[in-house]
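Here TrEMBL flags A:77-294 as domain 'ABC transmembrane type-1'. Annotated transmembrane segment per TrEMBL: A:12-33, A:81-102, A:114-138, A:176-199, A:220-240, A:273-295, in sequence order.
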Amino acid sequence: MKKKKSSNVVKYNRWGYIFLIPFFVTFIVFQLIPLFGTFWNSFFENYRSGRQQIGPNFIGIENFKTIITSGLIWKYARNTLIMWVLGFVPQIFFSLLLGAWFSDKRLSIKASGFFKTVIYLPNLIMASAFAMLFFTLFSEGGPVNSILVNLHILKEPFAFLNDIAATRGLVGLMNFVMWFGNTTLLLLAGMLGIDPSLYEAAEVDGATSTQKFFRITLPILKPILVYVVITSLIGGLQMFDVPSVLTNGKGNPMETSMTLIMYLNNHLYSKNFGLAGTVSVLLFLITGILSFIVFKVSNEKNVK
Amino acid sequence: MKRKLISALLCAAMATTLLAGCGGKTTDTNKANNASSNNEAKDGGDVLNIYVWNTEWQERVVAYYPNYEKVDDTTGKIGDVTVNWVITANQDNAYQNKLDEALDNQATAKDDDKVDIFLIEADYALKYVDTPDALPLSELGLDDSVFANQYQYTKDVVTDSNGQLKGASWQGCPGALIYNREIAKKVLGTDDPAKVQEAVSDWDKYAETAAKMQAAGYFMTAGATDSYRVFSNNVSSKWVVDGKINIDPNIKKWVDMTKEQADKKQINSASSYNLWQEDWKKGFFTDTANVFCYFGPAWFIDFSMSCDQDGSVGSAGGWAVTQGPQGFFWGGTWICAANGTDNKDLVADIIKTMTTDPTVLSKIVEEKSDFVNDQTIMEKYAKDEKFGNKYLGGQNPYGIFASGVSSVSLANQSAYDQGCNEEFQNAMTDYFAGKATYEEALQTFYNKITAKYPDIKAE
């Protein structure tokens, strides 16, 4: 009897593996091999000079030396993180606020389905189209400037895209508008999963809304918050389309809105696979380290 | 080792061509012995693929090549041959990358997919001319005597290091200063080209005039980079020397002059100091005309200044041309035959007709006001007093353009010019806008160039 049961389990397991094959084949061919390929490429000198192919020649860690001594990667990493924070702070604030409102049984917002759809809509627009729209709106002869000048708020048109803070701010704003709906839905799902009896008990004890939010919602929501922070961080480090389209691929002004992936793209554009591979590997390490830090920090608090 | 490998490859290529020549219909020993053409071409392919970055030359072919039938914007027919235009925008080396990809696959591509003709610009001509990618025109049966009437500088651009001519152009691009007659009358009291020339004859006078324009409420130029070519064509050294970036003193002079004018707001800053922006184009239209002058060659007037549109300054004949502070040239398009083309005869005929046929060239001058690449024809039109350009209020600009062409020098061209010119102007924009110091802007330029051209060092 016992024997039969265990063989049954083995049989089912086998099917499980068979069903997993397509995923693993796709994963290995399209993800794992390219991943190792990137590491492999980063050790080679491999680029085009005019119409001539140079390499691939194995040069060890020479590429890493080049990238790190030029120091540009840190500058671009800083740009990327600044723009990510500019977008992420308002994003998490509004998402928590909206999530709390939507999930509050006592508020019971009417047509919440409609609003949830509406706040998600910006995410459906192609990022490049969205960036193009902002580029036109905020250009020096664009509608935003003419409105501000006509309302006598500005004396003369302001060159938003020539200004470091304004350009970074616009990128942050766009990322915020595009992603806060998505984050709201994630947090909302977490909040709806919280047992309502906790809130009822708190109310009986005379807790205010603020207390309920900080003492009940946030602590229980922590795993989802960590997930949101880490996915958003990874997404933020890979920021590319919005700043690239907004600044025409240049990262103007003065490369202050140039992100890591734009740097990578510049190398790929000149078919410099060696340095591009190196930048990718470094980006992989940076992402890994930052994610690890976020994970560690949030877990520590849990222990306390 | 490497050299051995290359020579072995070349031998193999030679052997293949030899064999292919023997097996082919025509046994042309001359062709078979030529190692540079490693793809033997047969004639009479069905599809003619032409790689270009805009529609300028396409418009010329549609209008003037005999038997060309237009099918739609990117296809046409010449007899039985379908003409396929592959158009990729020029900016940020996009066209070059597209062309490189196609040329890399040239040997293995199907005959109908092979590049037959590609167009190049002076800024990167060397990149293609000094490689086997472009066929020597002599191999198409067009020897140097066919192009005897063309301006020497247009031939220098496409002559490889062995002295072989590898392309031809139908136009010459000497530039001049193109000014708004109305504004000239108001501010300088005259719109006569000879008198206006006195006000812009050198850079000091140019600066004085810019101040006068500002006092009258006009900008001198529509963007900071308008005058760039005038300086960059008169440099005394190349962009890249011994694998390192080199900033020529004349380029620095341009930066200093432009910074001063930008600070004094004599240049329209609304265009973010760049060419081709909406705000930059405002000077082309009567209602918004706020700019005294543009710098450009003949094609600029015809192709870029919106002169065929109602309400433009050009449609009312409101422009005039004068020499300006210094001679320069800008742009120019050269037609090259791709190595491996399957339509050699047709390609040869197109190049010959479009760049040397006197009737075609004369028509281009008369109907399109272009400056064509034929000294005899241009001298004739320069002297022809009846001939006037309607966009220039009846002025005949060819004398001015023709005198500029003689001073054009290409001694300091390099294969990196497009990237360097683009990125330098772009980086300096931040300096002009006051967002960066000159050193910071220069650093940005170095960063961009070393990413774009891995074989160049900043310092």
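Cβ coordinates come from backbone N, Cα and C, glycine included.
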Highest-contact recorded stretch vs the transmembrane segment (A:81-102), from A:114-138, A:176-199, A:220-240, A:273-295, CB pairs under 8 Å: A:176-199
Mark yes when the transmembrane segment (A:176-199) and the transmembrane segment (A:114-138) have three or more Cβ pairs under 8 Å (sequence separation 6 or more) and no when they do not. yes
Sequence-distant contacts of the transmembrane segment (A:273-295), meaning Cβ under 8 Å and at least 6 residues beyond its ends, amount to 38-47, 55-56, 59, 63-64, 66-68, 73, 77, 226, 229-230, 233-234, 237-238, 260-261, 263-264, 267
If we skip the immediate neighbours and take only residues 6+ beyond the ends of the transmembrane segment (A:176-199), which ones have a Cβ under 8 Å from one of its Cβ atoms? 86-88, 90-92, 94-96, 98-100, 102-103, 105, 116, 119-123, 125, 127, 130, 212, 216-217, 220-221, 223-225, 227-228, 232, 235, 242
